[in-house]
Amino acid sequence: MVVPAITDVTLAALCPGKNECSLAIYLTGAQQAMIGLGSLVVMPLIGNLSDTYGRKVMLTVPMTLSVFPLVILAYSRTKNYFYAYYVLKTLIAMASEGSVQFLALAYVADNVPENRRASVFGIMSGFASSSFVFGNFSTRLLSTSATFQVAAAMSVISLLYMRVFLPESMMNINICTKSTETDCLLEKAPSKKWKLFKTLPSVDDTICLLRTSPTFSKAAVVAFFINVADVGLYASLMYYLKLQFHFNKDQFADLMIIVGIAGSISQLILMPILTPLMGEEKMLSVGLFFSCAHMVLYSIAWASWVPYAAAMISVVATFALPCLRSIASKQTGPSEQGKAQGCITGICSFASIVSPLAFSPLTDNAPFHFPGFSIMVSGLAAMIAFVQSVTIRPPPPPVDNCSDISSSSSTEPLV
C-alpha cells in the first residue's frame with residue numbers, strides 16, 4: 001500500500017513543490033545500501049536460527065518491528081517525522097528486510113515434496129502478487145494519510161493472525177518421508193536454551209554452503225545479478241517516471257496494479273501448468289530474459305503508455321524468482337532449508353549494497369543525455385543473470401537401483 005505513496009511523501013518532505021530531487025534519489029540509494037549491508041550479516045543468521053528454533057518464532061520479530069515505521073507516517077508526514085521514519089525504517093530493515101519472504105518459503109519447503117516445490121513457490125508468490133494488487137488498489141481510493149494508517153493496521157492484523165493460526169513448522173525429518181505432503185506431520189519446535197553465539201553462521205559456513213554443489217553456486221550468482229537489476233530498477237523508476245511523464249501516486253498505483261495482476265496470473269495459473277512441462281531451469285531462463293526485456297522497455301519509454309506495456313511483460317518475468325528459490329532449495333537437506341534460503345537472501349542483500357552505489361549516480365548524472373540510462377544498465381545486469389541461468393542444468397533422473405537389484409537377483413539360482 002505504501003509503495004506508490006512513499007515517493008510523493010519523500011519529495012514533499014525534502015523538495016516541496018518539485019518533481020526532481022537529487023537529495024531524495026541519494027537518500028533512497030544510501031538507505032538501500034545500508035539495508036543491504038545489515039541484511040547481508042543478519043539474513044543467514046535468521047535462517048540458521050529458524051532451522052533450530054522454528055519458523056514461527058523467527059517470523060514474529062520482523063513482523064513486529066515492521067509496524068513502527070508505518071505508525072510514524074500514519075501520524076504525520078512533515079520533514080522531521082519523515083527523517084524519523086527514514087532512520088527507524090533503515091535500522092529495522094537492516095535486521096529484517098526480506099526475512100518474512102524467505103522464512104515463508106522455508107516453511108513451504110518444510111511441508112512440500114521436491115517435485116511440487118517450484119509450483120507451490122509460484123502459488124505463494126501469486127498470493128503475494130494478489131495482495132500487492134489489493135494494496136495498490138486501496139491506495140488508489142485512500143488519501144495519503146489514510147494509506148499509512150490502514151497499512152499500519154493491516155500489519156498488526158497480519159502479526160496477530162500469524163501468532164494465532166499458523167502452526168509451527170519445525171519438522172521431524174524421520175516423520176516427513178512419505179510420498180505425499182499430506183503425510184508430513186507438523187510438530188512444535190524443540191525446547192532449547194537460546195544459545196545465540198553457538199548458532200552464528202561463520203563465513204566458512206556460507207562458503208561451505210556455496211560449495212555444496214555447482215548448481216547452488218550458479219543459483220547464487222543468478223540471485224546476485226537479478227537483485228542488482230531489480231534494486232537498480234525500482235530505486236530510480238518512480239523518480240524517472242515522475243520526471244519524464246509527471247506520474248503521481250495514483251498513476252504509480254495503476255502501474256503496480258498491472259504488475260500485480262500479471263504476477264498473479266503468471267504464478268497462480270501459468271506456473272503450475274508450465275513448470276512440470278518445461279522444468280524450473282528453463283522457466284528460470286525464460287523469466288530472466290523477459291525481465292531484461294521489460295527493463296529495457298522502461299528505459300526507452302517514449303510515451304506515457306509505454307511503462308504500462310512494459311509492466312504487462314511481468315506476466316512472464318515473474319517466473320524467475322520462485323524457480324530460483326526452488327532450485328536452491330533442492331540443493332540442501334530438509335534440516336537446512338532456512339540456512340539455504342537465508343544464504344540466497346544474504347547474497348541478494350549484498351547486491352542491494354552494490355546496486356545503489358552503482359546506479360544512484362547514473363540516475364542523476366548520466367554520461368550523456370539519456371534519462372533512462374540507469375534503468376538500461378539494470379537491464380544489462382538482468383541479461384548477465386539470464387546468461388548464467390542457461391548454464392544451470394536439471395539434475396539427472398534417479399536410477400532405479402531396486403529394479404536393477406531385483407532383476408539381477410532373479411537370475412541367480414536358489415540355494
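Glycine is treated like the rest: Cβ placed from N, Cα and C.
Small disclaimer: the values here were computed from a predicted structure and weren't measured.
Annotated domain 'Major facilitator superfamily (MFS) profile' per TrEMBL: 1-397, in sequence order.
According to TrEMBL, the feature transmembrane segment maps to 23-45 (among others).
Residues annotated as transmembrane segment in TrEMBL: 57-76 (among others).
If you look up TrEMBL, you'll see 82-106 (among others) marked as transmembrane segment.
Residues or ranges marked as transmembrane segment by TrEMBL: 141-162 (among others). Long-range contacts of the transmembrane segment (141-162) within the same chain: residues 1-2, 5, 8-9, 56, 59-60, 63-64, 66-67, 70-71, 73-74, 77, 135, 249, each at least 6 residues beyond the stretch ends and with a Cβ under 8 Å from a Cβ of the stretch.
Look at TrEMBL and you will find 219-240 (among others) tagged as transmembrane segment. Sequence-distant contacts of the transmembrane segment (219-240) (same chain, six or more residues past either end, CB-CB distance under 8 Å): 7, 20-21, 24-25, 28-29, 32, 36, 210, 247, 252, 284, 288, 291-292, 295, 298, 320-321, 324, 327-328, 331, 343-344, 347-348, 350-352, 354-356, 358-360, 363, 371-372, 374-375, 377-379, 381-382, 384-385, 388-389, 392.
Residues or ranges marked as transmembrane segment in TrEMBL: 252-271 (among others).
Annotated transmembrane segment per TrEMBL: 283-302 (among others), in sequence order. Sequence-distant contacts of the transmembrane segment (283-302), counting only residues of its own chain at least 6 positions beyond either end whose CB sits under 8 Å from a CB of the stretch, comprise 118, 222, 226, 229, 233, 237, 240-241, 244-245, 271, 274-275, 309-311, 313-314, 316-321, 323-324, 327, 372-373, 375-376, 378-380, 382-383, 385-386, 389-390, 392.
Per TrEMBL, the feature transmembrane segment maps to 308-328 (among others).
Look at TrEMBL and you will find 340-362 (among others) tagged as transmembrane segment.
Sequence annotations record features per position, and here TrEMBL assigns transmembrane segment to 368-387 (among others). Beyond the transmembrane segment (368-387), the same-chain residues lying 6 or more positions past its ends with a Cβ under 8 Å from any Cβ of the stretch are 221-222, 224-226, 228-230, 232-233, 236-237, 240, 243-244, 285, 288-289, 291-293, 295-296, 298-301, 358-360, 362.
Recorded stretches compared: 23-45, 252-271, 308-328; the one with the most Cβ pairs under 8 Å to the transmembrane segment (340-362) is 23-45. Counting only same-chain residues 6+ beyond the ends of the transmembrane segment (23-45), those with a CB under 8 A from a CB of the stretch are 10-11, 14-15, 86, 89-90, 93-99, 102, 199-201, 205-206, 231, 235-236, 239, 339, 342-343, 345-346, 348-357, 359-360, 363-364. Below 8 angstroms of C-beta separation, residues 102, 105, 117-118, 121-122, 124-125, 129, 215-216, 219-220, 222-223, 226, 254-256, 258-259, 262-263, 265-267, 270-271, 275, 280-281, 283-284, 286-288, 290-291, 293-295, 297-298, 301, 340-341, 343-344, 392 of the same chain, each at least six residues beyond the ends of the transmembrane segment (308-328), sit close to that stretch. Nonlocal intrachain contacts for the transmembrane segment (57-76), taken as residues 6+ away from its ends with a CB within less than 8 angstroms of a stretch CB, comprise 2, 9, 46, 49-50, 82, 84-85, 88-89, 92, 95-96, 99-100, 103-104, 145, 148-149, 151-152, 155-156, 158-159, 162-163, 166, 168, 189, 338.
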